[in-house]
């Protein structure tokens with residue numbers, strides 16, 4: 001994507017070089033978008049069907065320990081000890097390594113499907129972005145692209161997959177760069193990432209992916225009192241995101257401390273999930289989209305957000321996978337829904353702000369979070385959205401949900417947590 005221009009170059013050659021580069025990246029982006037739209041689109045459809053089927057037949061959860069053993073066995077046989085494809089992806093792309101195995105697409109697909117079908121509390125974006133990034137890496141190796149171009153393709157794959165899974169093509173284009181590039185934007189990657197994400201989303205829509213529709217935010221006049229309320233809400237959402245990360249990160253360490261064998265770890269994770277299910281019911285199993293939607297209509301239980309964190313920590317802390325996106329949305333929406341009355345604000349608005357505010361804090365992706373909020377809830381209250389995101393992001397410090405991402409530019413040093421090479425593989 002760079003041009004070497006000297007005195008011998010004439011305008012014609014330069015134009016041909018430019019035309020070649022444009023055509024190359026349009027072709028690569030369209031190839032990425034179409035492929036990811038089909039693969040991740042069907043993955044999303046299958047995962048939703050599995051979740052809905054499990055909701056109708058709750059006895060399936062009793063097979064979750066066996067599913068945990070199968071997932072652990074897959075990773076043992078493929079010599080991957082992270083139990084999460086997204087962590088492998090970020091670790092490799094940040095080093096510009098071109099060795100993300102293609103079979104990881106199948107491994108993360110099966111692992112995520114088993115987790116959801118048998119009632120493990122997990123999301124879908126972890127597996128989805130791993131699949132998208134893996135395809136970008138594969139395409140890069142086939143065309144023998146350099147390290148910079150390799151990163152661009154992986155970024156495009158990550159963003160395209162995320163955009164498909166949550167129907168947020170613009171946010172998807174931003175997420176790849178914000179997630180992978182250590183907090184720094186590479187603007188040369190923006191156009192390929194955008195074209196890939198929009199194409200993938202369009203293809204996914206055509207094969208049957210349905211968008212979730214939310215009402216537009218309407219908070220009224222942005223006066224001094226409302227700003228104070230938003231500041232307090234931003235702090236609370238930031239703290240909930242902090243709690244989410246703390247429990248998720250430390251749950252895997254607790255498992256590893258007491259259980260060394262990954263197969264036993266998967267079995268125990270399934271047993272603990274069954275115990276929680278028998279104690280608290282089915283609301284906290286699986287993707288939880290129905291509960292998220294209901295929290296916009298009726299106030300959620302004050303402890304619903306906490307129990308979702310517990311269910312997710314038990315599942316993802318062992319060997320189950322799929323990602324933390326849906327659990328984060330669940331946690332934020334239910335927490336916002338439960339406290340809306342305290343702030344004398346419309347229930348659906350606080351649930352919406354909570355959903356994205358906790359996501360921003362937990363994911364440490366402020367620009368992506370703002371884009372998601374606008375795509376889901378409109379731009380009428382963009383200033384309120386920005387206030388919530390800035391504060392919740394600042395609260396989160398360096399405590400990032402994707403534990404292998406190393407940031408080079410910080411935010412608030414409050415609750416700062418950094419990672420070095422020695423503990424990268426702990427989770």
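Using N, Cα and C of the backbone, Cβ positions are placed for all residues, glycine too.
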* **transmembrane segment according to TrEMBL, located in which of 80-99, 100-119** => 100-119
* Asked: Given the ranges 382-402, 403-423, which one is assigned the annotation transmembrane segment in TrEMBL?
  -> 382-402
* Proximity of the transmembrane segment (100-119) to the transmembrane segment (302-321), 3+ C-beta pairs under 8 angstroms -> yes
* Please work out whether the transmembrane segment (264-281) lies in contact with the transmembrane segment (59-76), by counting C-beta pairs under 8 angstroms that are 6 or more apart in sequence and asking whether there are at least 3. => yes
